[in-house]
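Taking it in order: structure first as structure tokens, then the write-up.
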Amino acid sequence: MGIQNLLRVTLVFTLCVILMGAYTRLSDAGLGCPDWPGCYGMLKVPSQQHELAQVQDAFPGHEVEPNKAWLEMIHRYIAGALGLLVLLIFILCLKKLDAPKKLPTFIAILILFQAALGMWTVTMKLMPIVVMSHLIGGFTLISLLLLLYLRTKPLRIPGGDIVARKLAPLALVGIGVLILQIILGGWTSSNYAALACTSLPICEGDWYKNLQFTQAFNPFQGVHETYEFGVLDYSSRMTIHVAHRFGAILTTGILLWLAYKLFTRSQSALLRRASLVLVGLVILQVGLGISNVVLHLPLGIAVSHNAGAAMLLMTLVFINYALWRKA
């Protein structure tokens, strides 16, 4: 299998890992196994009587919840397989003379750091800053893998589309704002603030009188036995949620403006198609976000909201690469 085909497979696999991680987190299964890398000291979820007896000896007071434990272990298994795919890409790039070297090296280092964050997520009992960092690491990984794929398969845009290149700074602003919004989304999820506001368009009541930015965005929330289900008070969670909504409004405006400019100014059919994809994803993501609020965070829609964020980020990576690359 060539590097390009391997990268395609790895990109799909990475998206699956991100979605499985979101599903695990949103199912409250992040601590389904209280240790790492095994589950109650075993390679699989304990189910036999003698295994359950060992669990009681080693983890007194813990009750094995098979459904949650299996979600967590499946996430770990596929994340481990992703690590092997990244290692294979790294080796192939080193052997291939004309392949990039620095980027696959950085990706290999990132996957190791992601594994460490996965461990800390469990050992630090879902500390929000660790959970958010793990989520952002996954989005960073899929972005860099896409960038590596694009670098191994140069785009062919006739004439370099000189007019569209003038939109490169706007595209950079767009991806920067999107990254900040994804970070806000991760902070909202890791602090269990997704349902802090249940009305539209901003929040219920006199929300602006109860904003607590200092507490809401303090990455260090003290020492707690567990951070599962959150440790912040309502005002702090509401502040996080409101910030995410305002971020969504800003991000939507900038990305739709970028898409409009790309569609009207680009000579390249490839870039015009990318602008239409961007519009479609923005509309879809806004719809999913509203549905999360109106329907009280149904699991399928919440996971799809994560998928939409990943697809938006990949689209912006592609657009920025196309506009900033050398002709």
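A Cβ is built for glycine as well, from the same backbone N, Cα and C atoms used for every other residue.
Automatic prediction, not curation, is the source of TrEMBL annotations.
TrEMBL annotations:
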| type | residues | note |
| --- | --- | --- |
| TRANSMEM | 7-26 | transmembrane segment |
| TRANSMEM | 74-94 | transmembrane segment |
| TRANSMEM | 106-123 | transmembrane segment |
| TRANSMEM | 129-150 | transmembrane segment |
| TRANSMEM | 162-184 | transmembrane segment |
| TRANSMEM | 242-263 | transmembrane segment |
| TRANSMEM | 275-295 | transmembrane segment |
| TRANSMEM | 307-324 | transmembrane segment |
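If one looks beyond the transmembrane segment (242-263) by at least 6 residues along the same chain, the residues whose Cβ comes under 8 Å of a Cβ in the stretch are 164, 167, 170-171, 173-174, 177-178, 180-181, 184-185, 187-188, 193, 197, 201-203, 207, 211, 216-217, 271-272, 274-276, 278-279, 282, 286, 289, 312, 316, 319. In this chain, the transmembrane segment (307-324) touches the transmembrane segment (7-26); three or more CB pairs sit within less than 8 A of each other, excluding pairs fewer than 6 residues apart. Through the fold, the transmembrane segment (74-94) approaches residues 3, 6-7, 9-10, 13-14, 16-17, 20-21, 24, 36-37, 100-101, 104-105, 107-108, 111, 114-115, 118, 148 of its own chain, all at least 6 residues removed from its boundaries and within a Cβ separation under 8 Å. For the transmembrane segment (307-324), the residues of the chain that approach it from at least six positions outside its boundaries are 15, 18-19, 22, 139, 142-143, 146-147, 150, 155, 157, 164-165, 167-168, 171-172, 174-175, 178-179, 182, 185, 255, 258, 262, 268, 270-271, 274-275, 277-278, 281-282, 284-285, 288, judged by C-beta separation under 8 angstroms.
Listed by sequence, the residues of this chain that lie at least six past the ends of the transmembrane segment (162-184) yet keep a Cβ under 8 A from its Cβ atoms are 132, 136, 139, 240, 243-244, 247-248, 250-251, 254-255, 257-258, 261-262, 265-268, 271, 309, 312-313, 316-317, 319-320, 322-324.
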